[in-house]
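J.: Have a look at the structure that comes next, please.
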Amino acid sequence: NPCCDAATCKVRTGSQCAEGLCCDQCKFIKKGTVCRPARGDWNDDTCTGQSADCPRNGLYG
């Protein structure tokens, strides 16, 4: 993984993340970017811009 230092098993300097639905090229994806499309009555899940995780919004459409 180009975002990680294999010797230390930590994210490289200048990188924000190494994996996750809201991580792209070692950086957090912009807030509001859809990371999990709506299914059924649920709304889209979107990135926060602060984490590589894709949080469930828990809201119905």
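Along the chain as shown, residues are numbered 1 onward.
Using the three backbone atoms N, Cα and C, a Cβ is placed for every residue, glycine included.
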J.: Pick from C9, C17, C22: which cysteine does Swiss-Prot list as forming a disulfide with C47?
T.: C22
J.: Of the listed cysteines C26, C35, C54, which one does Swiss-Prot record as disulfide-linked to C3?
T.: C26
J.: Can you tell which of C17, C35 is bonded to C23 by a disulfide, based on Swiss-Prot?
T.: C17
J.: Per 10 Å Cβ neighbour count, which of the disulfide-bonded residues C3, C47, C54 ranks highest?
T.: C47
J.: Do me a favour and check the Cα-Cα span between C35 (disulfide bond) and C3 (disulfide bond); whole Å is fine.
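T.: With the alpha carbons as reference points, the distance is 20 Å.
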J.: Give me the non-local Cβ neighbours of C22 (disulfide bond): same chain, 6+ apart in sequence, Cβ-Cβ under 8 Å, ordered along the sequence.
T.: F28, I29, T33, C35, C47, T48, G49, S51, A52, D53, C54
